[in-house]
């Protein structure tokens, strides 16, 4: 999830064939992402939950059937064995690949032609959202994976691998969401009856994108806790696709929050609530979150701190210096109270991730698949001291505090891969007044992954078809040249008619070729070599483009 800005002339020329999606006002080339990784480098309150790899945070979640460390070691060995082949490239499928009824594919002919074209270009596989709101829409524990089964079989026959995303969030309301897929109706009914199941800001605005992590352990969804619902869903998926795991389905990305990312919904675009580059707002005012905050404040001997988040942190579209809490000099974020609140807020997010990963480990520990988690790329105001947008999203990351290492260490305990974005972005493309620094952000996240010993996967933030964006991804991948440190995979956002425009397709095929090698092939040479692929797949590409536009 990222945002475009006004295009520079160079980028516009490079990707003239690609239509622009004007999402946010700024001044830069074909895209500007709004993703940022995080995880607060926390000093957890004494009463916080354990973040032990084998700790069972939910009584109903069974421990992994084999040690997570074994699966992590196996996954690391598999990644190492692929290093000679460079960085494998996957392509995200359209958000509405499967019909809302769940029984079949949308645009089946287009999907089939697209998969064949992707395979011919050397693509490793595809990524697809397995929507909770589709596959369990008919009722609790009533699963319908028929449309996804059709896709898995088509991928298998095409010789493509699959990254399956367990999407426990609503589609719609975030950057890039072209369709609306709500949570299962039976879950929404419970949220409508008890609005405190929704994330809530200080003004009482409720968010229905994802069930509040404050009630993770409460049986609020027809007698099950949210974590039990997620774990049951993953178990049903595993059982339904047992024959595909490891040979076709090679990765399970576990949704953790809005847009599938481990974060709070601090910058929702729905109804114009937030606009880039606003700082967002804390989401801690449902009664479940407030109950936890009150207990933490009392444990700290400061009960007066337990009545809610900071009231001087501005609103969604403020800038840091507009507020008392985030301002550069003597801001509340740097006080004893600020440290207490931000530690609690970010620790709650880490514990949420630990609970869901514990469930995922109980389901997939014996399966030959990797588990991954997506972390948001919030690069705006990164150059300020407070890093306000990261803080409201739940990442306790400031100029003097590493907010990424705690999340990387959490994933390491569960043997999971850290999936991050902004990889295609360059600092000079972004609005300088908002102090956007995506390149520095990617480096910091990469360093955290390296220090924790977890695999790092990459994505681009918005669809881009220009060579400059491809160059940046290849350069970032080449920086991690060590055999055990190289990027695990790169997932290209997103398959659509624009990707199959002849010029875009030729550049994309060249990009895949460069990623599959050692990165030494220059763009121009790779594009010349890719011309043969473009010519050979011309009819398939044309068929896919026409079908996707229909």
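Just so you know, glycine gets a Cβ as well, placed from its N, Cα and C.
Among the features that TrEMBL reports, active site, proton donor is placed at 261.
Sequence-distant neighbours of residue 459 (active site, proton acceptor): residues of the same chain at least 6 apart with a C-beta under 8 Å from its C-beta are 419, 420, 421, 423, 490, 491, 492, 493. Positions annotated as active site, proton acceptor by TrEMBL: 459.
Residues or ranges marked as substrate binding site in TrEMBL: 129, 169, 177, 374, 379, 421, 460, 461, 494.
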Quick note, residue 129 (substrate binding site) and residue 261 (active site, proton donor): C-alpha atoms separated, nearest Å, by 13
Rounding to whole Å, the Cα atoms of residue 494 (substrate binding site) and residue 261 (active site, proton donor) are apart by 17
Around the Cβ of residue 494 (substrate binding site), other Cβ atoms within 10 Å, all chains included, total 19
Students should find that the Cβ of residue 129 (substrate binding site) has, within 10 Å, a number of other Cβ atoms equal to 24
Other C-beta atoms within 10 angstroms of the C-beta of residue 261 (active site, proton donor) total 29
One should report the C-alpha separation between residue 261 (active site, proton donor) and residue 460 (substrate binding site), rounded to whole angstrom, as 15
